[in-house]
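Read the structure below first, then the notes.
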Amino acid sequence: MPRREDIRSVLILGSGPIVIGQACEFDYSGTQAAKALKEKGIRVILLNSNPATIMTDPDLADATYVEPMTVPVVQKILEKEKPDAILPTVGGQTALNLALACNSAGILEKYNVELIGAKVDAIKKAEDRELFKKAMEKIGVRVPASGLANNLKDAVEIKNKLGLPLIVRPAFTLGGTGGGIAYTEETFEEVVSKGLKASPISQVLLEESVLGWKEFELEVMRDLADNVVIICSIENIDPMGVHTGDSITVAPQQTLSDKEYQNLRDMSIAIIREIGVETGGSNIQFAVNPTNGDVIVIEMNPRVSRSSALASKATGFPIAKIAALLSIGYTLDEIKNDITRVTPASFEPSIDYVVTKVPRFAFEKFPGTDDTLGVQMKAVGEAMAIGRTFKESFQKALRSLEIDRYGFGSDGYFQELLYSRSLNNDQRKEWIDSHLKRPNDKRIFYVKLAFDEGYTVDQIHDLCKIDRWFLWQMEGLLKLEKEYSEKGNSILYKMKQVGFSNRQLSFLKNKKQILDLLDGNLRVDLKKTEIQNLLKLSEEEIEVELGSKKILPVYKRIDTCAGEFEAYTPYFYSSYDEEDESDVTNAKSVMILGGGPNRIGQGIEFDYCCCQASYALQDLGIESIMINSNPETVSTDYDTSDRLYFEPLTLEDVYRIYQNEKPEGVIIQFGGQTPLKLAKDLEKKGVKILGTSPDSIDRAEDRKRFVEVLEKLKLNSPESGIATSMEEAREIAHKIGYPVLVRPSYVLGGRAMLIINEEKELDRYMEKAEEISKDRPLLIDSFLEDAIEVDVDALCDGKEVFVTGIMEHIEEAGIHSGDSACVLPPQTLSKNMMDEIRKATVNLALELQVKGLINIQYAVKNEILYIIEVNPRASRTVPFVSKALGHPIVKYATRIMMGESLKSLPLPKEMEFSQVSVKEVVLPFNKFPGVDTILGPEMRSTGEVMGIASTAGEAFLKSQYMAGDELPSQGTVFVSINDKTKAELLSYIKDLSELGFNLIATSGTHKFLSDNGILSSKINKVYDGIFPTALDYIRENKIHLIINTPLSRVTRDDSFTIRQAAIRFKVPCLTTSNAAKALIKGMVEMKNKGFTIHSLQEIHAMPKIL
C-alpha cells in the first residue's frame, strides 16, 4: 500500500521533561519518527518542552517548538503551521493525553487535522479502563475482576464486593502515578483518594489482586492491511505487584512452554485488532498464574512505550521508526529491515541471545522515603546487557548499573553479609525473610545472601515468588563460585562464559583474606582502601592470566534474524564464545564513552552530548564508536554511531573494546562522571584520552590541587578546609563559622552534600561521610548566604576561550545548580560583574589547558565574585545553552578535540541572544510521599524544561507551565513568608491582589500585609490545631497557589505538612522568594499582553539584541 499523499506535514508531539515513568526513551522514539518522516519528504513540525533532547535540535525537524505542551499552544501551532496530521504515539502518555485533550477541545476538527498512529477511539478503548474491559470480554480474553470508581463511595462498594487486597490503578496516568495496593481497611481510603486525585479524569480501576503471578509483555505491531507481527516477548523476573519499570526484565521470555507462548501471541493479535490500532505499535501486559497457567490481560499501551525502546534495542527492530512509517500509510511488507537490508519489517525478529534489563533507583536522594516497590514506578533509570545465556546477560546487567556491584554479588560489597553475620540465627532468618518478602531495590542481592546462608530454591521462591527457573540459574552461579574457590584459574573460561567480572574473580580468590581483614567490623569503609588495593592488584593478575591463556571476549552482532541473513549494521555485544563478528575496519576512529543508566545528577543531557559528538566525528569523516549500556537513549540507536557496543562502562569492558578496535583515542568528557572515573586507569593502560587531560581534570576536582590553581590566579573562593577525620572537620567548621557546606570530593549531582548549621549536625554527617566519599577527603566550605549563583559554560582550545553562556540562577545559592531555575542572559548582574566573570572563566580554562568544554559555578555576594566549582567537561546545561545560542556547542568541542582551533569555528565574537531563555527543573516528589520539598545542595530533579520569550517574566511563566504546574488565573493564594523576605516581596504580593486573586495569610504575614494596605484574610497555622488551617483549605481545593518561604529549620518543619499537601492535591507551591517574584512578574505580563510562540529556527534567525 503506497504512502498517503494527502499527508504532507505532520506535527509530532514529544513527551516533555524527564520524569519517573517517562524518560529518554521518548527522545529516542521521537527522533526516530522525525527522521523517518523527513526521509519520506514529509515536513516535520515538533512540539516538546525539553531542551535536553536530540529531537529538539533545530536541524532535525523543519519547525521545532520548545513550548508548553498545552492545548492553547497546540492551537497556535495549528493556526501557524497548518499540518495535515498529528502523531501522538511516540511521545508517551504526555503526548496521548494532550492529543485527547485537543480532540475534546474541538481544535482537531476546527483545523481539519487528523490523528495518525492511533485513532481517538482506539486510544480511548485502550486507556479507559471500562472500555478496555468490555473490549476484552467481547473477544473472550479474561481481565482481572474489577470495578470503576469516580469517588470514594463507589470505591467502598467495589471493595465490599471484591475484598482486599485490591490494586488501585488511576486512568490516564504515567508510570502508575497515583496507583497503589490497598492491603487493609486502614489504607484503603488513602490509596483510593490518592488515585482519584492523580487521574486527569478522576477515575480509578479497583482490581482483584494477582500478586505473585508471573508477568509478561509482548510488543506488537499492526498495519492497515491487518498484518500483525510480534516484535519481542519480555518476561519480568519480579512477579506481579511490582511495576514493570521497577522490575528486572528478560527478553525473550524464558519460562513459558511453547504452547503457553503461542497462546499469548494469539491473544495479543486478537487484542490489537479489537482495540483498533492499525498503524503502529502497542505494548500488551499479561499475568500468568504459575500454578495452573491461567492468563489475564492487565493492560495495553496503544503507543510506543518504555518497553518498546527496550524491545528495539534488544532485537535491533526500530519500532518507533516503523510505527511512524505505518502511520502515513505504508504496510509492514513495504518497509525494509535496516539491519539485513533484504528482509521486510513483516519478518518477525528472531534472536539467539538473552537480554536483561535492570532498573536503577535513587532512594538515597530522598531520605525517609519508603523503598518498597509496588504498582507506582520509582526507578529513575535502567541498564541493559546482552549475553549468550541468561547467566551472562544477568551478571553484565548488574555491573552496568554502576552502583559498585560487579555482578550477582561476590564483588567486594559486604554490608548485607556482615550485618547478617552480626545477628543470631533467628534474627538473621527474620531479617533475610523480610527482605525477600517485601519487594525492594536490593532484593536480588538478598536472594544471593539467602543462597549464601543455605536457603533452598523452594524456600526463596515461597518468600519472593520469583520463578524457580530464574532461581535455579542464580543458584548455578553460586555453585560455580564454589568450584572456582576449589579449582582456581583452571576454570577461568567457564567463569567468564557466565558473566563473572574480573572484580568478582578477584574477590573470590581473596575472600578469606578480606573477611579476616574485616573481622566482622560493620564499618567496611574503614578498611575500604586496603580492600580496594588488594582487589585491584588481584584483578590485574587475573587480566594477565586471561591474556596468557588467550581467554578474550568476542563480539557478536545484533542481526534481528539469529544469523539467518547477513547484518550490515555494526551493533555488538561481548561474549566468551567462538566466532568474532566485529570485523574491525582500518578507518580512522574515535571511541565515545556514554553515561550509562540515567540517575539523578546524570541524565539525558549527557546522552545528548555523546550523540552530538558522534555526529561531529561523522561530519569529519571519522568513524565513531559508541559504548553505552542505557536502552532508553538515542546514543544506543544503531544509526547514531558508526559502531555501537552495548556493554557495561567498567574498566575491564571498556579496555577490552579499546584493544579490539584500536581507535585513535577516547572521548570521556561528554558522559558525565561515569567516563571521568575511568580516565586515570585508562590512561595508565596506554589509552589516549582526547581533549582535556586526566591530570587537568584532577587539578579541578581534587580540592587541594584546585586551591593551588585559585591561589595562582588570585581568584576568590569561599573560605574552606579539607578534613580527613571528625576532629579535623570540627576544627575547620569552627574556624570558618557556621553555616558550612560539606561534601565529598569527586561527586556528581551534589551526592552527600549538605548545609550544616551546627556541630551536632556535623557529627551526624561525619558518621556516614567516609563511606560516601570513596576514600577522598571531606570538603568544608563557608556557605555564602544570600549570594547569587551563576553557571558558565565555555569552549577552549588551549589557547583561546569562548564563553557560550552565563546563566543567573533564580534560586539563591545553596540550592544545587541542577535543581535551580536559571535565566540566560542574566537579568540582575552588573556589566562590571559580567566582565569579571568572563575574565575569570578565560583564566581558569587556559590554566587548566582545557580542550573542549568547561563549566564553572560562581557565587556573587556584595559585588565580590567567588569560585564555587570548576568542571572541565560537558555540563548538564550544555543542551540548554546550545538551544538558546543557536550553535551546536558539543560539535564545536569535538572538533577542538580533533585538533581544530576556536578561530576556525563559525562562532560570533561573543555570546548573543535574540530572546530570554529560562531553564526550570522537574522534581519527582509526587513519587516519594513523605519527603520534604525544600531544596538544598543535593540534587533531586529528574528533568528540565525551557521557556523562551522576549522577557524574563514570560519565559519563567512558560517554564512553570512546562514543569507541570497548573497555574491559576484566578482564585486564592496562600501566603506565608519569612521576615527576611517580606519587604522585597511586598510589591509582588500587591500585584497578585491587583490581578484579582484573594489572599489568605498566617498571622505574621497577614499583619504585615494589612500594615501595608493589602487586603488578606487571616488563617490559623497548622500546629495551632484550630480549624480552619491552610491545610484544610488545600484539602477542600480552596487554595490555588502557595507562596511559602520558611527561613529556619523550625519554620520549615512547621510548614512541611503544607508542602506535602500541595504535592498531593496538585497545588503549585513556591518555596523561594526569587521564584515567587519571577512567577508573579510573568503572570502580570501574561495578563497584559498574552503569550507568543516561535520555532527555534525563527528565534535563531532573529536579530541578536541581548
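From the backbone N, Cα and C atoms, a Cβ is placed for every residue, glycine too.
Going by Swiss-Prot, these are the annotated features:
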- 1-402: region 'Carboxyphosphate synthetic domain' (REGION)
- Gln285, Glu299: Mn(2+) 1 binding site (BINDING)
- Gln285, Glu299: Mg(2+) 1 binding site (BINDING)
- Glu299, Asn301: Mg(2+) 2 binding site (BINDING)
- Glu299, Asn301: Mn(2+) 2 binding site (BINDING)
- 403-582: region 'Oligomerization domain' (REGION)
- 583-964: region 'Carbamoyl phosphate synthetic domain' (REGION)
- Gln857, Glu869: Mg(2+) 3 binding site (BINDING)
- Gln857, Glu869: Mn(2+) 3 binding site (BINDING)
- Glu869, Asn871: Mn(2+) 4 binding site (BINDING)
- 965-1106: region 'Allosteric domain' (REGION)
- 965-1106: domain 'MGS-like' (DOMAIN)
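The structure, with features from Swiss-Prot marked on it.
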residue	record	CB count, 10 Å
Gln285	Mn(2+) 1 binding site	20
Glu299	Mn(2+) 1 binding site	18
Asn301	Mg(2+) 2 binding site	23
Gln857	Mg(2+) 3 binding site	20
Glu869	Mg(2+) 3 binding site	17
Asn871	Mn(2+) 4 binding site	21
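Asn871 (Mn(2+) 4 binding site) falls within a strand segment according to DSSP.
Gln857 (Mg(2+) 3 binding site) and Asn871 (Mn(2+) 4 binding site) have their C-alpha atoms 9 Å apart, to the nearest angstrom. Rounded to a whole number, the distance between the Cα atoms of Asn301 (Mg(2+) 2 binding site) and Asn871 (Mn(2+) 4 binding site) is 41 Å. Confidence in the region 'Carboxyphosphate synthetic domain' (1-402), given as mean pLDDT, stands at 93. Remark: secondary structure over the domain 'MGS-like' (965-1106) totals 73 helix, 21 strand, 48 coil, with classes taken from DSSP. Secondary structure from DSSP puts Gln857 (Mg(2+) 3 binding site) in a beta strand.
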